Structures are given as C-alpha cells and as structure tokens.
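So that you can see what the record holds, here are the features copied from TrEMBL:
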type     : residues : note
DOMAIN   : 276-374  : domain 'PH'
REGION   : 402-439  : region 'Disordered'
COMPBIAS : 403-417  : compositional bias 'Basic and acidic residues'
REGION   : 460-481  : region 'Disordered'
DOMAIN   : 492-550  : domain 'PID'
Amino acid sequence: MPAVHHKLLLEDALQDSPQTRSLLSVFEEDAGMLTDYTNQLLQSLQRVFGAQSEMGLATEQLSQQLLEYEKKNFALGKGDEEVITTLQSFAKTVGELNSLHSELANQMADSMVFPLIQFREKDLTEISTLKEIFGIATDEHEAAMVKYSRLPKKKENEKLKADLVKEVAYTRRKQHQASLQYYCALNALQYRKRVAMLEPMLGYTQAQISFFKKGIELVSKKMDSFLSSVSTMTQSIQAQLDVEAEAMRMSQRELLSVEDTVYMPDKDTEPVNRTLIQKAGYLNIRNKTGLVTTAWDRLYFFTQGGNLMCQPRGAVAGGMVLDLDNSSVMAVECEDRRYCFQITSPSGKTSMILQAESKKEYEEWICTVNNISRQIYLTDNPEAVAIRLNQTAIQAVTPITSFEKRQEGSPHPDRAKPGGVFAASSGSQKTATAPEPEDLIAPGTPIQFDIMLPASEFQDQNRAGGRRTNPFGETDDDCSTESDDSLLQQVFAVRFLGSMAVRCGDNQEVIYEAMRQVLAARAIHNIFRTTESHLMVTSSSLRLIDPQTQVTRISFQLGEVCQFAAHQENGRLMGFVVEGRDWSDGDEEGEPSYSAFVFESNTEGEKICYTISLAKDIIEAKKDPEALAQLMKNMPLTNDGKFLLLEPEAGDMTNGAGQEDLEESEA
C-alpha cells in the first residue's frame, strides 16, 4: 500500500502564509467531499441493514456507490489506486450477494454500519470542530493584530503596549496550537478515510461468509486470499497512521517548545539584511473607503522579479500590485502608525502606503524595494551586486549638515576642488561620450539634507553687498525693492531633498547624478522626512520661503543659477546648479564653485524649469527695450504689469501681493 503523498507541514502553521492556506483549502475541500461520500455510503449500508425486503435493490445500489469512489476524483487521491481496485472488487462481490437474511442483522450492525458511523461521528466531526476552533483563533489573532497595529507612536503607553504585545502573543500561540491540531487531524484523515472505506465492506463480506455457508463456500475459495490481502492492507495503513501520528506529535511538541519571543511582534533578534532582492510577508495596506476616510487591510505581499505581488487569503495565486523597476520608496508618517513606508511609481501617478509589523521588517522592505528598483535582480549574481552596491553607497555617501570639503587624502588631488573640471574644460568642445560620475561629483562628497548656508555662502553675501536673502529671512532694501519690481512671480510647493558640491555647472548630467546620490543616501540611511516650502521664482531670483512664517530660508540671484532640469523619468523631481566663489585660497576673485540643489514638487518639475527659463529670458530682454516689449507683447500680463503664466499654480502670486499673502501651490 503506497504512503500518503500529500500532507500539511506543521512547520508552516506559525507563518500562516497564503500558500499554506491555499493547501489547507484543498484539504478542507477533500474533507467536505469525503463527508458527503461517507454520508452517502452510510445511507447505503443502513438500507442494506434496515430494508430486508429490498435487500437485492439495496445491495445493487451499494455496488454502484462503491464504484462512485473512483469518479469522485479526490484532490488528494493520489495513492488510492489499490483502494479503488479493492472497492471495485467488493462491488462485484456485493452484486453477486443479492439475497440476504434477517439473521445477518446483528452481525451487519456490528461489523458494517457501526465502523462507518464511528468514523463519521468521531473523525469527521472532529475535523469540523477543529475547523471552527481554528477559525475563531484566527479571528482573535487578526483582532489583536489590528489593535497592535493601531498602537500610537507619538504618545507611547508602555503598559498599553505591553498588554497588547501579550495579547498578540497569546492569540498567536492559541492560533498556532489550533492550527497544529487541525493540521494533524487533516493529515490523519488521509489514513483514516482509507480504513473507513475498507473496514465496513470487510465486515459485511465476512458476515455474509459466516452465515451463508453453502453459498459462501463457493465464493470463499476465491475470496479468502483477497480478504486476507485487504485485511493486511488496512493493518498496514493503520501502522503508517500510528507512525505518522507519533511523528506529528513529536514535531508539534518541538514547535511549541520555542520561546515566547517567537510569538511577539517587534522582537526580532537577527540584524537587518540590507542586501535582499526578494521579500515576503504580511503588511498592512491603506485603502481609501471614501472621500476622506481610509481603512487598513492586512494582506500577504511578496516580490517576484521586479514586481510587487499581493495574495489574499484563500487565493490560489498572487496578483501584481506595482512594477518596482525605477520606483522610489521612503518612510512616511501616516495616521500615527509606526513603521509606515510609501512606494511610488516612476511616473509619480501611482503610490501606496504600507505598514510593517516590526522595525526589522520595515527596514528590510525599504532596502529590498530600493534594491529591486535598481534592477539588481537582472544581473548574473544579484546577491553579490546588492552587497557591493550597498557597501559602496555607504562608504561614498555620508549624510552631514554642512558642505565640508574633503580634499585631504583624496586619490585625485586635481579633482579635490569643486569646479576644477569645469574650469579646465570650459574652453573646449564637449565630447560625444557621457561624462563619468566622478567627473561630475567628487567621490565621497558630503550631502546636506537641510537648508543651512555654509560659511562660504555668508562670504558671498558680504562680497556681493548683501544682495542675497540670508537664511534667517532678513533682507536688504535693495533686495526687497528688486523683488517688488519683479516682472514675474510664481510660487511652487516643493520639498527640499538635499544639496551637495559638484564639479561643474555646464552639464545637466550633473543634476541627474546629484539626484541619484541624494535619493540613494536617503534610502540607505533611512532619512525620509522632508519639510515643505514655497519656491518663489521671480525675474531676478529664486527664493525658498517657509510657508508658516513667510521667512526666506535661502535665496539665489537668477544669474547664479547656471543649470536647471527635471528628472527624465520621475517628473516630480527637479534640481538646479548654483555658481559661487571660493576664497579659501586667498585669491581676490575667488575660484568658481558649484552646488546642486534637489527638490521634489507637488507639480511637474518641467513647469518649474519653464518658469526659471522664462525668468532668465526676462533678464536678457531687460537689456534691450525692444526685446522686452516684444516679450511682453507675446506673454499675457496681470493688471499690475507682471507676466502671467498660461497654466498658473493654484497658489501663484499673480496680483503682486506681499509675502504674507503667499499660498501653497497645488499639485
């Protein structure tokens, strides 16, 4: 008799993945079909026992019913070929034994009807009861996880957190115990159903032989060896069941002997793996249920290649949720929930907010998505590439809050000064080949993640006569007058992502490389918080304004902006390069230095770049009155004589009001 080929793995009970649930549904479907078949078979046997006057018809129906076992096509029926063959032989025998006597009633009741009733009332009823207990334990665990997921981060109550952790651990252990018992019963059912299918017919045939000596003598000569083999088969199946049951008991005892930390969320002892290119597990996803209302659903997510997949419980397979190639991921603050992060498609049109169960899961999901977005999985050895890229990025990108020069110990002394490459190549023609990243930005260049002017910028202001607004919002009279007389004022809502010193200002590739390094540094070091500001573009300057206090955080003269561009794929990213002077060498004129600033906007970055381009055109047109008149003729103007963009932002300043009336631009 072949062994059972399908069984539920007790080791997968704790994880409770959709794959395990899908296999569990197959076992449940098989148990349901077995219950239906058992009831039908029992009805046939009871008809044989109770309807002596219709014995011939009853046995004929029983014969047909035995043949139905093969037609049921049980999902876990592999290995039942001998059972099917045996049942077919029994069906033939039952067809031959079509006359019964009332003296067989007692023996048939004991050896034919009772075993199947016991199987139905004991085994199948146990399956049904354990299924209900498992469902209740699952619902309690889900309810506990929902309350734990709502645990506030800002005002954390240690007692409440401890109580919720204990509740989650208790319900998780309870669900684990219930699932182990349920899985063991379903596995054992695959053995017991074979015995239950064969034992009644064995008793029925033996009863017929014992009471019908004359008729059975002719049959017993052919049936003795057959019945002996059937008896041996059932004993073999029972022995396999005993061995399997003991193994499952040992495995269950071993799995339940783990420490309580296994059941507790956010109690990870292993370090975070930042080189993953595959990840799977349960996450909470935020879904909109109305105009202003949201709901969180706990679903099973996994990565497959460059796609993020989601598989609800009970589903046979998962479906693609988002293409992760060139996507961006960042931590977010969301409804006072912990461990939330947002994944955004390259176009910026599709995004989703997810919540991890623990800090380790939260960091590993962010690192995994970041690795996949760089298409590491397409390489021959993705694990090695992921390790190398993460080590290189950590060594090359160190987040600090100032533009400190790192000239000492540089392997390329001629490249130590930002702008050196530009000064050497400004008089030559551009080559056809794309510049290398180290030609654009010096390796190891620090990145600034907040708005803070370095010392060289304050020297800039002093030498330029105070024409730039300082970071504390104090402006000179010349600057305010110039702002009031500006022919263009356009405001955009932006978030400052970072800035860094670069080597040249005559190539847009330096902006794209700065964007890549800033986003990579934020992802690696988990620096995802940004502050929203208003970027005002006028015909004389660029100003970054605090939307709450209306204080100018930083300001640049438009003539200092030598390059500006939007990201080629993620249209919400834009940046510009500002040229300054470095007097650290004592030179009166100063060496040219360049700094790249990267922003994320609520609107398309191309609109901001178009506005900056228009402002530069206005500056050039001011030199020629005729050109200015032609430009003013081609562009619409406001009532006070300022340029009006064809597609103004919702919060743009088109009426010339002061800073106190600035409003945030809508995306």
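Think of each number as a place in line: the chain as shown, counted from 1.
Yeah, the Cβs are placed from backbone N, Cα and C, and that goes for glycine too.
All TrEMBL annotations are machine predictions without curation.
Residue counts for the domain 'PH' (276-374) under DSSP (helix as H, G, I; strand as E, B; rest coil) come to 15 helix, 46 strand, 38 coil. In terms of DSSP helix, strand and coil, the domain 'PID' (492-550) has 16 helix, 23 strand, 20 coil. Mean predicted confidence for the domain 'PH' (276-374): the pLDDT average there is 87.
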